[in-house]
Amino acid sequence: MAVPGCNKDNVRAGCRKCGYPGHLTFECRNFLRVDPKRDIVLDVSSTSSEDSDEENEELNKLQALQEKRINEEEEKKKEKSREKIKLKKRRKRSYSSATEEDSAKQKKQKYQKKEKKKEKKNKSKKGKHHKKEKKKRKKEKRSSPYHSELTKK
């Protein structure tokens, strides 16, 4: 019926990594992760005290290398962001100077166009006024007493 050694009372929950009861797997301190990105794990419980000094040195070297890599990556990211900012500033400066030159040219062109239009209007007005004045003179000549005397004779 029931197997004699499989009672709940006899089975203790223990660590799956090291097998010791009293702590769970996520609480295990007998294993160290060398690289958090990779699954490299060192078993501390199985090492002797003589080997621990050597392994500690190796661990320290590995951790130092990791820190260097992380620092280098962060520095690269910072440099890239700085370069982007510099490029944006350069673009803005060059863009603004180009627009100032363009806008100055455009303003000159607009001013010249306005002047030409004014000149054309003045010429056309002069012509119109001149024609009106001619008509008035003709009417005056016809209605003038001297003109009427000449026509009667």
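Cβ atoms are placed via backbone N, Cα and C, with glycine included.
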Candidate set Ser81, Ser96, Ser103, Ser148, annotation phosphoserine, source Swiss-Prot, matching residue: Ser96
From the candidates Ser48, Ser97, Ser143, the one which Swiss-Prot records as phosphoserine: Ser97
